[in-house]
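**Q** Below is one structure. I have some questions about it.
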Amino acid sequence: MENILLGIVQGLTEFLPVSSSGHLAIFTAIFNKTPDVGYFAFLHLATFLAVVIFVKKEIFEIINGVFKKDEKYITLSLKLFVSMIPAAIVGIFFEDFIKSIFSETFFIGVFLAITGVFMLLSDKMDKNLKTITKIPYLDAFIIGIFQAFSVLPGISRSGSTLFAALLLGVKKEDAVKYSFLMSLPVIFGAGVLEMQKTVITKEYVYGFIVAFLTGILGLHLLKKMVIAGKLKFFGYYCFLASLFVIFYI
């Protein structure tokens with residue numbers, strides 16, 4: 001039962017801007033049990049697959065465009081690479097150090113509140129100027145910096161990158177697509193690097209399926225909420241989660 005519940009938590013919170021790491025802390029406190037690292041990594045692969053399904057059209061267009069030497073898609077792929085650089089550097093060299101300092105529940109609560117602020121501000125941004133192929137290199141790097149912040153427990157990866165993209169004037173639907181295209185290597189890497197010597201059990205498979213299905217649901221829900229300008233509701237939720245973490249965990 002706990003494995004299934006963790007699959008639901010991972011599938012939804014990996015994509016909804018409420019911080020999967022913050023909710024992992026809540027899960028750990030409620031059940032007084034830290035989830036197995038290998039199992040959590042396996043769930044990352046489920047959410048990776050969910051993203052691939054969600055942006056399959058864009059992935060095909062980019063790959064096809066690169067092979068056809070279409071400058072627009074070659075440039076887009078390079079910008080996505082630029083966006084991945086900050087998270088890669090932080091993840092490789094500083095992740096363990098950062099988490100060792102900021103893994104206390106007080107900090108998790110504070111960072112959840114910051115994610116909430118991001119969501120409230122995101123709803124007020126409606127420039128809708130840039131499509132996914134018109135994002136400048138500098139903007140791509142800035143969005144990448146915000147993605148790197150998500151190494152802090154309680155900072156939502158999707159929330160921070162959406163906030164940055166909308167702040168920089170990217171169209172809402174394109175901000176969602178770009179956020180999840182640039183997340184693919186991060187999610188896949190998180191799964192593969194920590195799955196070494198993991199024995200996959202029947203319970204793991206059940207959790208994988210649940211995480212995949214709830215991940216698909218979470219992706220479509222987020223897209224609708226962004227377009228409808230209702231990210232503030234995620235912000236309110238983050239504030240409540242922040243208070244719960246600070247005062248009850």
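Note: Cβ is positioned from N, Cα and C throughout, glycine not excepted.
Pulled the feature table from Swiss-Prot, pasting it below:
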type	residues	note
TRANSMEM	11-31	transmembrane segment
TRANSMEM	35-55	transmembrane segment
TRANSMEM	74-94	transmembrane segment
TRANSMEM	101-121	transmembrane segment
TRANSMEM	135-155	transmembrane segment
TRANSMEM	175-195	transmembrane segment
TRANSMEM	208-228	transmembrane segment
TRANSMEM	229-249	transmembrane segment
**Q** Would you kindly list the residues that approach the transmembrane segment (11-31) from elsewhere in its chain, counting only those six or more residues past its ends and only Cβ-Cβ distances under 8 Å?
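**A** For the transmembrane segment (11-31), the far contacts come to 2, 5, 40, 43-44, 46-47, 50-51, 105, 108, 111-112, 115, 118-119, 150, 153-159, 162, 180, 187, 210-215, 217-219, 221-222, 231, 234, 237-238, 241, 244-245, 248-249.
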**Q** Are there residues at least six beyond either end of the transmembrane segment (229-249) with Cβ under 8 Å to its Cβ atoms? List them, or say none.
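**A** Residues packing against the transmembrane segment (229-249) from afar: 16-19, 22-23, 25-26, 29, 105-106, 108-110, 112-113, 115-120, 122-123, 126, 154, 156, 159, 162.
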**Q** Go through the chain and flag residues at least 6 beyond the ends of the transmembrane segment (208-228) whose CB is under 8 A from any CB in it; none is fine as an answer.
**A** 4, 7-8, 10-17, 42-43, 45-47, 49-51, 53-54, 122, 158, 162, 172-173, 175-176, 180, 234
**Q** Same chain, outside the transmembrane segment (74-94) by at least 6, Cβ under 8 Å from its Cβ: which residues?
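**A** Sequence-remote neighbours of the transmembrane segment (74-94) are 62, 65-66, 132-133, 135, 137, 140-141, 143-145, 147-148, 150-151, 178, 181-182, 185-186, 189.
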